[in-house]
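Undergrad: One structure, as structure tokens, below. Some questions next.
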Amino acid sequence: MNIRIGHGYDVHAFGDGDHVMIGGVRIAHDHGVLAHSDGDVALHALCDAMLGALALGDIGAHFPPADPQWKGADSRVLLRHCQALVAGRGWRLGNADLTVVCERPRIGPHAQAMREAIASDLGVDAGAIGVKATTSERLGFTGRGEGIAAHAVCLLVAA
Ligand SMILES: [Zn+2]
């Protein structure tokens, strides 16, 4: 088989802070997120999708929260690590599609910068990276503004 599909999902709760990292982009906000790393839900979901596509386990297995080397980690470093794993096994990213779920902050104005950051880390065209955002109509934990969720799917192609 010369294609593989992967799916990832991640959530972080809001906590104290003045910004959030989403899709590799720093967004000023009246909260931060609780996380061991920089708490970038979009990149964590994407890492899980890429790992999942090759059945390599999940992000927690590759970057254990208890490991001090990942404390406050820039999630773009994790993403590039996943990219290297994928490339090392003879695969490349065909495309990826991400959906970020939150009421605030607004994602739309930053979506293009996220696409470019992700594409640069994965060595692909920004046209291969979709970043979309939705609210959950004030329902559930995202609707109550308690946290942010992200979904990602990706297609890997034999290099
Ligand atoms: Zn995460």
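Don't overthink the numbers, they just go from 1 along the chain as shown.
Cβ coordinates come from backbone N, Cα and C, glycine included.
Sequence annotations record features per position, and here TrEMBL assigns domain '2-C-methyl-D-erythritol 2,4-cyclodiphosphate synthase' to 3-156. According to TrEMBL, the feature 4-CDP-2-C-methyl-D-erythritol 2-phosphate binding site maps to ASP10, VAL11, HIS12, HIS36, SER37, ASP58, ILE59, GLY60, THR134, THR135, SER136, GLU137, PHE141, ARG144. Look at TrEMBL and you will find ASP10, HIS12, HIS44 tagged as divalent metal cation binding site. As annotated by TrEMBL, site 'Transition state stabilizer' applies to HIS36, THR135.
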Undergrad: Which one is it, among the recorded positions HIS36, HIS44, THR135, that lies nearest to ASP10 (4-CDP-2-C-methyl-D-erythritol 2-phosphate binding site) by Cα separation?
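TA: Of the recorded positions HIS36, HIS44, THR135, HIS44 has its Cα closest to that of ASP10 (4-CDP-2-C-methyl-D-erythritol 2-phosphate binding site).
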Undergrad: Taking 10 A as the limit, how many CB atoms besides its own sit near the CB of THR134 (4-CDP-2-C-methyl-D-erythritol 2-phosphate binding site)?
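TA: There are 14 such Cβ atoms around THR134 (4-CDP-2-C-methyl-D-erythritol 2-phosphate binding site).
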Undergrad: Using Cα coordinates, what distance in whole Å links HIS12 (4-CDP-2-C-methyl-D-erythritol 2-phosphate binding site) and HIS36 (site 'Transition state stabilizer')?
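TA: That comes out at 10 Å between the alpha carbons.
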Undergrad: Kindly point out which of the recorded positions ASP10, HIS36, SER37, HIS44, ILE59, PHE141 have a C-beta less than 6 Å from some atom of ligand 1.
TA: ASP10, HIS44
Undergrad: Who sits close to HIS36 (site 'Transition state stabilizer'): which same-chain residues at least 6 apart have their Cβ under 8 Å from its Cβ?
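TA: Looking at Cβ-Cβ distances below 8 Å from HIS36 (site 'Transition state stabilizer'), excluding near sequence neighbours, one finds PRO65, TRP70, LYS71, GLY72, ALA73.
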Undergrad: For the domain '2-C-methyl-D-erythritol 2,4-cyclodiphosphate synthase' (3-156), what's the mean pLDDT in this predicted model?
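TA: 96, rounded to a whole number.
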Undergrad: Which are the residues of the chain, ASP10, HIS12, HIS44 excluded, whose CB is within 8 A of where the CB atoms of the divalent metal cation site average out, their centroid?
TA: VAL11, ALA35, GLY39, ASP40, VAL41, ALA42, LEU43, ALA45, ILE148, ALA149, ALA150
Undergrad: Given the binding-site residues HIS12, HIS44, which one's Cβ is surrounded by the fewest other Cβ atoms within 10 Å?
TA: HIS12
Undergrad: Around the C-beta of PHE141 (4-CDP-2-C-methyl-D-erythritol 2-phosphate binding site), how many further C-beta atoms are within 10 angstroms, looking at every protein chain?
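TA: Total other Cβ atoms inside 10 Å, all chains included: 16.
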Undergrad: Among all chains shown, work out which of the recorded positions ASP10, SER37, ILE59, THR135, SER136 has the most CB atoms within 10 A of its CB.
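TA: Neighbour-count leader: ILE59.
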Undergrad: List only the single closest residue to THR135 (site 'Transition state stabilizer'), chosen from the binding-site residues SER37, HIS44, ILE59, PHE141 by CA-CA distance.
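TA: That would be PHE141, nearest by Cα distance.
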